[in-house]
């Protein structure tokens, strides 16, 4: 179909392209933290040689009016501006541009004045532009422009009049009076999720409350957990995370070490949710019931800890929903219901809901949302979601938006060990954080490639990696064979590479006994039985974990995976990288954190490393002040190349380097 001339004439003359930050061209919000400044960039240009103006407009999504800030030209038609995130919740921003008539006129007249080629008609036309601006202005701006015109009229010489036209005050007033001819706007309104600090920086400690009595034969309670809080906080953790705390099904209950049949008295898996006592909004009686949970919430707050709960959308075969809401499930022709599988794993004690069963929409969806809100009302605002990749993306996008629309302080952690694109899609759908492949990245090139992937493109804008060193389901092979040194290596990697890290109880004790050689499961897994954990043990790494968490709090560079750059260490067993907040902070502070980690748990390693003096604006022969962050020792490095040695028993080093100082 041929366009009409009138239609074509209305098409934008000012072109706006390649707006960032963006996820799928605005289909999903980018993620940031309250207090951040959003750096918006766009390509913008117009035909011919006329000047253009470009602006970013932003607001909290629930606000009626837009704030605006001019974007500055970076060169090659790229423009940039920033705006602050002053509260949590959703923000919106747009980019607009227009032909800047006065800026074009101003630039032309400056050139003519410099070349002494100004004609009287040039001044007349300039004054006419100011007069037109005055005619469409009101209030104080109209008064200011009238004063400018009066001053111009008081001058008889064109060059004297021109001098007033070219004054900075005139340019400022004309910018305010601009009627934005040929204004165009990028056709997408972009969104930003401004989340609280815990969404991007926190340290998680996971435990099973039933294993906290100190006696492997007595079921623990929330009050027993309260007795552990001081120790957990003393290790400088921020979050206490517990697996499901709901009634556990009796039907098809699993036994010790995942035995298909439980023996009398065995507690079963807490992931087999639901029994005669209730389901997702009830508390397992032996833990102390809801009142016990409320005591734990209050005690945790008093210790400066936040409690995270597991949200697992699955049911034991005797969950009340199977009787009360049969139309939420898929049944076989013989009236049975299939148990859950995640090949090669089989979960005979669990059945799954069907999100699109005949009675599921909207009842099941609303019920699950209400279960989350129930625990939010009980003081829980951190949720670790079990296997979200096996549930529909539309469900998560709806549920998270609904919950955060009511309570924007709620944070969701995705426990999805699946394909990268699925993990990133869950982040796009609203998950604040995600488990990652870190657990299986052990070699230098693997770690570097993975961190660089997370620092680029879509993952950078919406995917916050949570580096768990172990989980109740994952006893990494590396830890099984590397002892205390290996546990130190993984702790060092997790705490320095990501702002989010976590560990499951026993890691600090270097417990890594496998169910069988080559298996990632733990022997005597407390998913199926009670355990008794001491606070300390010979050869533990409690002190080191405490120090790592302390350093993370002290040094903002360690509070995000963003701003990680890898540098040259001439040894494949030494991972060496730098951390900084952003390029602007780096140029202002001329300071950064450097980290080196020996990846070999069996032997010490030496390496020649390159100190990134260029990052601080220094030549290769410069000197920098160095502080060893682990022990506080201060010294000076002279020149770009330095020799380091990392022992197997202390396989890491952290330094802060500063330009302009010598120790």
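For all residues, glycine too, the Cβ spot is worked out from N, Cα and C.
What you see is a predicted model, and the numbers here were worked out from it, not measured in a lab.
In Swiss-Prot, the feature region 'Disordered' is placed on 252-276, out of the ranges 227-251, 252-276, 277-301. Among 377, 387, 485, 549, only 387 appears in Swiss-Prot as part of the alpha-maltose 1-phosphate site alongside 254, 314, 349, 527, 528. Comparing the recorded positions 349, 415 on other C-beta atoms within 10 angstroms of each C-beta gives the minimum for 415. Rounded to the nearest whole angstrom, the C-alpha distance between residue 415 (active site, proton donor) and residue 386 (active site, nucleophile) is 5. Burial estimate for the binding-site residues (314, 387): highest at 314, by number of other CB atoms within 10 Å.
Secondary structure of the region 'Disordered' (252-276), assigned with DSSP and counted as helix (H, G, I), strand (E, B) and coil, comes to 3 helix, 4 strand, 18 coil. Counting only the Cα atoms, the space from residue 349 (alpha-maltose 1-phosphate binding site) to residue 473 (site 'Transition state stabilizer') is about 16 angstrom. Summarising the environment of residue 528 (alpha-maltose 1-phosphate binding site), the number of other Cβ atoms within 10 Å of its Cβ, over all protein chains shown, is 21. With respect to their backbone Cα atoms, residue 387 (alpha-maltose 1-phosphate binding site) and residue 473 (site 'Transition state stabilizer') stand 12 Å from each other.
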